[in-house]
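Annotated features, as they stand in Swiss-Prot:
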type	residues	note
BINDING	15-18, 45-46, Lys50, Asn118, 211-218	GTP binding site
BINDING	Asp115, Asp155	divalent metal cation 1 binding site
BINDING	Ser156, Gln213	divalent metal cation 2 binding site
Amino acid sequence: MIKERVKMEVIGLEIPLISGNEEYTLAELISKYPLEENDIIVIAETVVSKSEKNVILKDTIKPSNEAIELSKKLGKEPEVVQVILDESNETVRLGPNFIVTETKHGFVCANSGVDESNTSKGIKPLPKNPDKSANEIRKGIEEITGKKVGVIINDSMGRPFRKGSCGVAIGVSGVCGLWDRKGEKDLFGRELKTTEVGIADELAATASVVMGQSDEGIPLVIIRNAPVPFKEGTGKELIRKKEEDVFR
């Protein structure tokens with residue numbers, strides 16, 4: 001016998017292009033949609049960075065000698081390489097046309113998350129403090145709507161040992177980031193000893209299927225009826241400590 005157990009809804013929303021000069025906040029914009037209790041709102045990091053005016057014009061960047069030399073190896077503009085270096089704590093690896101860095105947030109990713117996609121001009125770093133941004137957006141939405149919600153800021157990142165980019169959570173508020181299930185029982189009554197679920201990453205990846213990574217124009221996704229814990233989480237709790245990382 002087959003029976004339904006869980007039905008989760010994923011709703012992609014088109015919004016006006018964000019420039020950073022709007023007379024409304026992201027919370028005010030998102031609240032115009034009829035949200036429901038325990039909706040999870042996933043927002044593309046591009047929208048958050050642009051709304052926070054975190055875009056750097058190329059003519060304001062003075063590349064260092066290091067950036068100029070690296071740009072020759074990578075086939076990238078020196079200005080772009082300079083921003084990548086500025087946004088990083090350290091360089092982890094050099095690829096053929098990318099740099100794997102640890103960002104100032106602690107993320108290990110290509111090019112410090114810096115890109116020029118879906119930005120009409122300038123270079124766009126990641127939001128300065130994604131958890132803080134997610135929290136401010138969530139609190140704004142809850143104040144306006146009276147509904148309890150979760151907010152995730154997502155970005156697409158490549159993965160070591162697997163091809164293809166995938167959505168990940170870089171900022172989290174109002175929903176669990178890392179779901180610790182140790183001590184629970186499996187179907188046969190055995191106690192789970194090590195299970196920790198990167199639930200915010202799973203939600204971010206789910207939203208990315210609808211958002212797309214090209215010209216879809218869907219930077220906002222509502223996930224409804226998600227079977228996840230609604231407790232205060234962060235994106236930082238998903239970052240593996242350097243001393244626990246066996247691949248670095």
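Glycine is no exception: its Cβ is also placed from the backbone N, Cα and C atoms.
Keep in mind it's a predicted model, so treat the numbers as computed, not measured.
When the Cα atoms are compared, Ser156 (divalent metal cation 2 binding site) and Gln213 (GTP binding site) turn out to be 8 Å apart.
When the Cα atoms are compared, Asp155 (divalent metal cation 1 binding site) and Lys50 (GTP binding site) turn out to be 14 Å apart. Each residue contributes its Cα atom, and for Asp115 (divalent metal cation 1 binding site) and Glu45 (GTP binding site) those atoms are 11 Å apart. DSSP assigns Met211 (GTP binding site) to a helix. Of all the binding-site residues listed (Glu45, Asp115, Asp155, Asp215), Asp215 has the fewest other CB atoms within 10 A of its CB. Its Cβ taken as reference, Gly217 (GTP binding site) is surrounded by 12 other Cβ atoms within 10 Å in the chains shown. Highest Cβ count within 10 Å among the binding-site residues Leu17, Met211: Met211. The secondary structure of Asp115 (divalent metal cation 1 binding site), as reduced to three states from DSSP, is extended strand. The binding-site residues Ser156, Gln213 differ in how many other CB atoms lie within 10 Å of their CB, and the one with the most is Ser156. A simple way to gauge crowding: the CB of Lys50 (GTP binding site) has 25 other CB atoms within 10 angstroms, across all the protein chains here. Sequence-distant neighbours of Ile15 (GTP binding site) (same chain, 6+ residues apart, CB-CB distance under 8 A): Leu29, Val47, Pro219, Leu220. According to DSSP, Glu45 (GTP binding site) is assigned to a helical segment.
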